[in-house]
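Features of the protein shown, as given by TrEMBL:
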- 40-104: region 'Disordered' (REGION)
- 56-95: compositional bias 'Acidic residues' (COMPBIAS)
- 110-236: domain 'Peptidase M16 N-terminal' (DOMAIN)
- 264-444: domain 'Peptidase M16 C-terminal' (DOMAIN)
- 451-736: domain 'Peptidase M16 middle/third' (DOMAIN)
- 846-945: domain 'Coenzyme PQQ synthesis protein F-like C-terminal lobe' (DOMAIN)
Amino acid sequence: MAAAVSRDDELVIKSPNDQRSYRLLRLANGLCALLVHDPEIYADGYPPQASKPREDEEMEEVDEEDEDGDDDSEEYSDEEGEDDDGEEDEEEDEGESKRRKVKGGAEPIVKKAAAAMCVGMGSFSDPEKAQGLAHFLEHMLFMGSSEFPDENEYDSYLSKHGGVSNAFTETEYTCYHFEVKREHLKGALDRFSQFFVSPLVKAEAMDREILAVDSEFNQVLQSDSCRLYQLQSHTCSQRHPLNRFTWGNKKSLVDAMGSGINLREEILHMYMRNYHGGAMRLVIIGGEPLDILECWTMELFSKVKAGPPLDIGPKTDIPFWKSGKLYKLEAVRDLHSLWLSWTLPCLHKEYMKKPEDYLAHLLGHEGKGSLLYFLKAKGWASSLSAGVGSGGSQRSSYAYIFEMSIRLTDSGLKNVFEVIGAVYQYIKLLKQSEPQEWIFKELQDIGHMEFRFAEEQPPDDYAVDLAENMLFYSEKHIVCGEYIYEDWDPELVKHALSFFNPDNMRVDVLSKSFDKQSQAIQCEPWFGSQYIEEDIPSSLIESWKNPVQVDANLHLPRKNEFIPGDFTLRNANCPGSSSDANPCCIVDEPFIKLWYKMDMTFNVPRANTYFLISVKDGCSSLENSVLTDLFANLLKDELNEVLYQAYVAKLETSISVVASKLEIKLYGYNDKLPILLSKILSTFRSFSPKTDRFEVIKEDLERFYKNTNMKPMSHSTYLRLQVLREIFWDVDKKLEVLMKLTFTDLVAFVPKILSQLHIEGLCHGNLSEDEAINISKIFLNTLPAQTLPEEARHVERIMCMPNGANFVRSLRAKNDLEENSVVEVYFPIEQDVGKEATKLRAITDLFSNIIEEPCFDQLRTKEQLGYTVDSSPRMTYRTLAYCFQVMSSKYSPIYLQSRIDNFIDGLSDLLDGLNEETFEHHRSGLIADKLEKEPSLSYQTSDYWSQIVDKRYIFDMAKLEAEELKTVQKADVIAWYNTYIRSSAPKRRRLAIHVYGCNSDIAEAAKLQEQSWTIIDDVESLKASSQFYSSLC
């Protein structure tokens, strides 16, 4: 075995609170590896005495591609489908890993191992004749290697050993990563390393993976943000690598083959040219000593082909876009967004100075004197964000792209050039003012604070971050590079600011208000988006270059009062306290009930304080439900300046409506948390809506309602909950009511809902018990309301479907151009209550763990039904259920339903054929999942809070489930399947939701009546004749 060229255990700067050890390893083939020893992975000692590997893996021991699922794609989640975010976060990858978080307990809690590899080649390397090739190559590497030729070997191994994997293609790099149960890191690395040594790129797998790439693209086809990105790429200078179609789809790849290109040869050529040691950055996080991790790295990754060092320096200055142009893009959702983009020089080497962050802080500020504050006062905008994004296209070696996104009102759209004029007034203010060192110092203090007390991430996320950092930061700054503001350089700030001029600006307006009759309409070829390109009048451009004056209401922000100064750890005074202790109730009064736990595990000066405020008649009627939404949004608007200042200082706030309750969360550094809470509750108590803001917020809420359910996956979950929940106010009816509501209606409503309240809360983190009690007193002393009687508090009741029920609900997708159809098949199990509840949850989870990978392999990889295939448990207001979901742009819901049914019918053979060794791998992997250590305080708080919201109060639920799993046998899983899921099961109940995309004919739905389905035509009639479970939460 070749020796490492060099190793260094002291070079990487880490936080004083970071207990991990880091070794930088440079291999002879040019590969650079960061090995991370995490002592908590084997907190019970290495090698572990109780968990020797069970298979022939000498001490070595799903491509769960991030699917666009709904919010309840975790093993359990609390579903609030009615409050689906209409302003959906439209990233390319939006899925969530299926992670079960632990609450501690007497059992040793464990963390998983992880690894990530960044290869310095991405979609900018796509040949023009085969666009999307880099993304396609990423897919093909999962399809087997010389050492492990089975296409499913990598996925199957991870699935059996509590692992998951993923990959993504950026513009200048591609990243692959996984996590796995700690004992199986070597086995996973063995399979993973072959991606970079000897992938097979099987010809017979290519057609299937082209369909997978195509399905992935079809998921974002109706995404406004993706359409805008592609328009910017399409209209980019043809000499620029951004002028590409980076996703790839069936057309781009099949057309390449049709024009005589051998796609497999192109992939192999791209691989051979770019996948070499010099272009690779590897991170391995394990509990083994660094010497063992090094030994494995040398054994497995020395086989990677050698290559020259990666060049990530600034590239030739190629113009991005034509200046003086305005691009109008038709939006899918109901919105008006103005996007202004300026290209800055590549700032990779200036990460210690971060001039772009200084400018983003000022241009994106939301306090008094800010650009947003000014635009809101004019009634032109409701939100604004500014800065250089984290994506590869925004931070490439060609340029940094500084973007400003302004959410416009109807009035703002009419005055869009005046809005841009205001932007340039603020830019002139910045140019006239010398760069302010005190502002940089604030950012520096916050960055230092965040590095010193960084919250730990899940291991796979951390591995990815470190691997990406290795590409852009010097070796000693791999861990701290994103946090440090080392050098104040006012001249560099001025230089960066000099690029903010109209000749270097691109203007995009994304709006539903689009002139479809215009003769100038053009079509972007890949998404089919309609757009208009116009010249901006030269007189306007000249006026923006040097505004006549800067409005007196625009000025620099004031100093931030929320930056913390006290980082004392409260647990230092409680040395005898146990980290295993569960939250306890320290205040139990008619008006407020408060749960409390001091952090004894993470030792950071942070606290999370969550509160549910039950209000009087918040959703007792359709109209009240809408008025409650309006009130919450106006309250947030009124508080925005204060909340933003706290947010900058890393003390964040969330205010939302959950059913009829207001949920308020404050989380971050605890020093100023009581001050912020007092300000919020004082505004809450004295809140009096203003006419001008009422009109703006009402317009915002109207758009929110209109945009709800634009994504078919969200729509299917919404439709299911609409059937299941006894009280469910339909969003379309809410919209009708909203349009009729007046300012007077709201003014009359607010005192009523605030007249009677009940609060239940949780204080968790760096707070003493006295401090937590004082927080409860802030509520008692600030809010003068009476106590809301228990019988007047909203409760959720879920339909109790009769055994043998076979309901189906079929609707068209809300967006007429949506190609994707969705089938969601929901099997209620039992209410989550009683002595057997823990065992039932454990068996349900184990069933899911066993079938998840075969389901994905059969329905997605083999049958290619669609990119999104999911099978997992649901917890619907304390009703346990199991759910299958498939989204497809190719097949109709009826066909998808038949394939899901076929898979379910085949599970009997799959379960019967499961040998004891494989069953044990699944069981032990799931136990490890449930005993996995929480990565951070916020994860642990979320678990505790879900117990409070669900009124279950079993704070060590995962530990109890892990204990129960030790006694669960294969026969128990088969019995569960035969009782609840199998077609002949005595307690089988089905609710299927079919959402029809434009590629499918909803008239087919009538055929389901011939297949013993009960078609739901009228939801309210069904509810009127149905029974409902008693309320548990």
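From the backbone N, Cα and C atoms, a Cβ is placed for every residue, glycine too.
Because TrEMBL annotations are produced automatically, they should be read as predictions rather than curated entries.
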Any contact, the domain 'Coenzyme PQQ synthesis protein F-like C-terminal lobe' (846-945) to the domain 'Peptidase M16 C-terminal' (264-444), with at least 3 Cβ pairs under 8 A: no
Tally of residues which DSSP labels helix, strand or coil - the domain 'Peptidase M16 N-terminal' (110-236): 62 helix, 23 strand, 42 coil
Integer mean pLDDT for the domain 'Peptidase M16 middle/third' (451-736): 95
Summary of DSSP states over the domain 'Coenzyme PQQ synthesis protein F-like C-terminal lobe' (846-945), given as helix, strand and coil counts: 61 helix, 19 strand, 20 coil
